Amino acid sequence: VESGNSTLALAVFSAVLGSLQYGYSLGVINAPQKVIEQHYGRSLGVLPEEPLLLSENGTGTEKQEVHPSVVMYWSLSVSIFSIGGVVSSFLVGFIGDLRGRVKGMLMVNVLAVVAGLLMVMAKMWKPHVMVIAGRCVMGFYCGLSSGLVPMYIGEIAPMAYRGALGTLHQLAIVTGILLSQVLGLEFLLGNDYYWPLLLGLSGAPAVLQSLLLPLCPESPRYLYIKRGMVEEAKKSLRHLKGEYDPSADLEEMRREKEEVEKEAQVSIAILVRSSLYRQQLFVALMMHLSQQLSGINAIFYYSTAIFERAGVTQPVYATIGVGVINTAFTMVSVALVDRAGRRTLTLIGLGGMCICAVAMTVGLVYLSVYSWMSYVSMLAIFLFVCFFEIGPGPIPWFIVAELFSQGPRPAAIALAGCTNWTSNFIIGMTFPYIEALCGSYVFTLFAVLLFGFTVFTYLRVPETKGKTFEEIAAVFKKGRKQTPGTKKTGTETGTGTSTELEQLKSDSHA
């Protein structure tokens, strides 16, 4: 079993390098904002050519208004990343099935390397064009990897660790964000000379991943269920689990294959129109919306600016503090998610974030009256991030897989991914304008949204921990008329436990 465990560990580690890259690309744009804006300004001819020396001691440039065209190109640099993600999130199922999960992840690495090279060479031509092109290609890569990574990990994860290993995708994302924040410090890479390297490094994990992936076994579920390669699936299972008798696992996959053949593959168009899956789909999309519209990305994209407003003298270090807390609390979620349950953690997270958003607003509004209010808004930001990582951060990524059976699952994951990326884009693009409009009250907007999402979760989101797919489906059927031919299972203990195991395992096909 030891050898099996080490192969499983290697496979999971290699896969989450893709998520690390996603996190790095999300966070990297935050710290060097001022430096890059100056390069944009010079390239666009709206700033003088010589580097502004005044910026060193914080007088002069800080107070200057940023030219509107620079603001536009900057917002686009931040948000074009999500446009790439929106487009490619629809291709996840296609790429994953084309040559398998492992080869799929290998194929898309080409995109990450190209994106990294475009950004490294940003100074050689028009920086705004090079950065926007690089971020767009990188977004396209991240849209694919943010679907392929959870899909592969889900398929190779032993049932008992499904939630924990599913949460590792999010842990790698926040580690990437933290890494980008540390490297973005001015004395490291976040300066006038090295910022293209800082952005370009987002392609580095792809190189390491390309070396490791060929050593990883292909997903046994893909081999057996999609390709019907029984012997290869057996080999893959032995790689992942060590020497053992795989017949029980193979039998379970055989039953799942039969189910798949009975249940038609549901396309995105059918899924959207069908009343059969409407409630599950509504819950899945709302979970992803709650993740993005909670305001968390406003904090990740613009935290340095927010801390400056809150009167912090070294805002960059405060931002790194957020990254550290972020990573620590994702580890808490990894430990809790299979014990406390998905719904409970999501409710605690959303409710806590709502309170923090109110506190943050109070802190920013009364900052000019009481200087100690800066501590209130900082504490609120830190707690906001903690609550996010306990539930609303990691859970939407894998709960979609638990809400849908085999047929509609790929389409549901694509739609949920698209919703996630689209709302991410909208926040990235509009937050600077909303902030300019609402000033200190900007987080009241998020507080209202969070309150709505908390109520929705309480009323409509079922607990999926330890439930069979039939039990989850039954929760949604209560609201509808019982369709003929559906039978309730899982209530009789004899058949219940065996189908439960089989159903829970089949979830990992996501």
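From the backbone N, Cα and C atoms, a Cβ is placed for every residue, glycine too.
If one looks beyond the transmembrane segment (7-24) by at least 6 residues along the same chain, the residues whose Cβ comes under 8 Å of a Cβ in the stretch are 105, 112, 141-142, 145-146, 148-149, 152-153, 156-158, 165, 168-180, 201-203, 205-206, 208-209, 212-213, 215-217, 239-241. Per TrEMBL, the feature transmembrane segment maps to 7-24 (among others).
Summarising the annotation, TrEMBL assigns domain 'Major facilitator superfamily (MFS) profile' to 11-465.
Here the transmembrane segment (71-94) has Cβ contacts under 8 Å with residues 25-26, 29, 33, 36-37, 40, 44, 128, 131-132, 135-144, 146-148, 151, 268, 301, 410-411, 413-414, 417-418, 420-422, 424-425, 428-429, 432 of the same chain, all six or more residues outside its ends. Sequence annotations record features per position, and here TrEMBL assigns transmembrane segment to 71-94 (among others).
Marked as transmembrane segment by TrEMBL: 106-125 (among others).
Here TrEMBL flags 131-153 (among others) as transmembrane segment.
Feature annotation from TrEMBL assigns transmembrane segment to 165-187 (among others).
The annotation transmembrane segment is assigned in TrEMBL to 193-216 (among others). Within the chain carrying the transmembrane segment (193-216), a Cβ under 8 angstroms from the stretch's Cβ atoms is held by residues 7, 10-11, 13-15, 17-18, 20-21, 24-25, 28-29, 32, 35-36, 39, 102, 105-106, 109, 112-123, 127, 131, 134, 138, 141, 176, 180, 183-184, all 6 or more beyond its ends.
According to TrEMBL, the transmembrane segment annotation covers 281-304 (among others).
Annotation source TrEMBL lists transmembrane segment at 316-337 (among others).
For 344-369 (among others), the entry in TrEMBL reads transmembrane segment.
For the transmembrane segment (375-400), the list of distant contacts is 146, 150, 154, 162-163, 166-167, 169-171, 174, 284, 287-288, 290-291, 294-296, 299, 303, 306-307, 310, 312, 318, 321-322, 325-326, 329-330, 332-334, 336-337, 342, 344-353, 356-357, 359-360, 362-364, 367, 409, 412-413, 416, 420, 453, 464, 510: same-chain residues at least six beyond its ends, Cβ to Cβ under 8 Å. Residues or ranges marked as transmembrane segment in TrEMBL: 375-400 (among others).
Taken from TrEMBL, the feature transmembrane segment covers 412-434 (among others).
Sequence-distant contacts of the transmembrane segment (440-459) (same chain, at least 6 residues past either end, Cβ-Cβ under 8 Å): 286-287, 289-290, 293-295, 298, 309, 343, 346-347, 350-351, 353-354, 357-358, 360-361, 364-365, 367, 392, 431, 434. Annotated transmembrane segment per TrEMBL: 440-459 (among others), in sequence order.
The region 'Disordered' annotation in TrEMBL covers 481-510.
The compositional bias 'Low complexity' feature in TrEMBL is assigned to 482-499.
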Notebook entry, point to check: Who are the chain neighbours of the transmembrane segment (412-434) in space, where the CB to CB distance is under 8 Å and they lie at least 6 residues beyond its ends?
Noted result: 71, 75-76, 78-79, 81-83, 85-86, 89-90, 92-93, 143, 146-147, 151, 268, 271-272, 277, 280-281, 284-285, 287-289, 291-293, 295, 297-298, 301-302, 396, 400-401, 403-404, 442, 445, 510
Next item on the list: Establish whether the number of Cβ pairs under 8 Å between the transmembrane segment (316-337) and the transmembrane segment (165-187) reaches at least three, counting only pairs separated by 6 or more residues.
Entry: yes
Check: the domain 'Major facilitator superfamily (MFS) profile' (11-465): mean pLDDT?
Finding: 87
